[in-house]
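Data block below; observations after.
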Amino acid sequence: MNIRLYEIFTSVEGEGILYGTKTLFVRLSGCPFKCFYCDTKDALPMNSGNEYSITEAKNLIKKNLQKNTYKVNFTGGDPLAQSKALAELAKFVQNKKIPTYLESSCYDSKKFTDVLPYIDFIKIEFKTPDSGFVDLKHYSKLLENELECLRLAKKSKKTTYIKVVVSSKTQLKPFKKLLGQIFKIISKTDLAGFIIQPTYGISEPSLEQLFSFYDSVYPYYDQVRIVPQLHKFIGAP
Ligand SMILES: Nc1nc2[nH]cc(C(=O)O)c2c(=O)[nH]1
Ligand code: SF4
Ligand SMILES: [Mg+2]
């Protein structure tokens, strides 16, 4: 089995509940979507980056692992696009006693099942219909998969949190509908965080808009946070 990697680098975790931690990023090639705000467009084609055998990829991780690395973040693209190969790499990292982290829109619950045993921190990025991710007619299928992954993550009792990217185009009504569906499945105690992430440099939401999203999450989950991408502000990759 081979794997295509777009890049591998150490940086400061710039997103989510573990922002600020020294992290090794393993960016896998390929994603089936094309969100208008995507900041890794070059990694979206399945043939981007370079192909490695699993052994070569493990050696690359070994070579790039710096001391005091808090976790390894498997990102993309969407790392689920190569779920079987990802499982091999995540298992390898766990065996080194370093926590693994999945950064995914969780678009395929079967692929999610391949990697779940080897992931310690799960970030599920829920899409709103206005993210321009893919043809709208596929939205309900995406949502079904995301919700199923949320159920599986809950059952696994692993540290799980939700991220939703919001822009000036994000509509409040579908956002609220999404919240209803999410909190039908989980309760407050199942979640390690709910992050509202504003887009950066493109269709940025106003403070008023950000608070409208915050205010609609708050009744379900009072630990909701608005967290911009830290790395964009400190010039880190
Ligand atoms: N510093 C830094 N933190 C990140 N957290 C998630 C990232 C991603 O691209 O998925 C990312 C990234 O690209 N850089
Ligand atoms: S799902 Fe993520 S990687 Fe894929 S296009 Fe959207 S933002 Fe980019
Ligand atoms: Mg990024």
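Just so it is clear, glycine is given a Cβ too, placed from its N, Cα and C backbone atoms.
No curator has checked TrEMBL annotations; they are predicted automatically.
The substrate binding site annotation in TrEMBL covers Val12, Glu13, Gly14, Arg27, Thr75, Pro237. Non-local neighbourhood of Gly14 (substrate binding site): Gln229, Leu230, His231, Lys232, Ala236, each in the same chain, at least six residues away, with C-beta under 8 Å from its C-beta.
Of all Cβ atoms in the protein chains displayed, 25 besides its own lie within 10 Å of the Cβ of Cys31 ([4Fe-4S] cluster binding site). In the three-state DSSP assignment, the secondary structure recorded for Cys31 ([4Fe-4S] cluster binding site) is coil. Under the heading [4Fe-4S] cluster binding site, TrEMBL lists Cys31, Cys35, Cys38.
In this structure, Tyr37 (S-adenosyl-L-methionine binding site) belongs to neither helix nor strand by DSSP; it is coil. For Tyr37, Cys38, Asp39, Gly77, the entry in TrEMBL reads S-adenosyl-L-methionine binding site.
The Mg(2+) binding site feature in TrEMBL is assigned to Thr40. For Thr40 (Mg(2+) binding site), the same-chain residues 6+ apart in sequence whose C-beta sits under 8 angstroms from its C-beta are Tyr6, Arg27, Thr75, Gly76, Gly77.
Per TrEMBL, domain 'Radical SAM core' is recorded for 18-237. Taken together, the residues in the domain 'Radical SAM core' (18-237) have a mean pLDDT of 97 on the 0 to 100 scale.
Comparing the Cα of Glu13 (substrate binding site) with the Cα of every entry in Cys31, Tyr37, Cys38, Asp39, these being the binding-site residues, the smallest distance points to Asp39. The Cα of Pro237 (substrate binding site) lies closest to that of Asp39, out of the binding-site residues Cys31, Cys35, Tyr37, Cys38, Asp39. Close to ligand 3, meaning a Cβ under 6 Å from one of its atoms, are these of the binding-site residues Glu13, Gly14, Cys31, Asp39: Asp39. With a CB cut-off of under 6 A applied against ligand 1, the binding-site residues Glu13, Gly14, Arg27, Cys31, Cys35, Cys38 are reduced to Glu13, Gly14.
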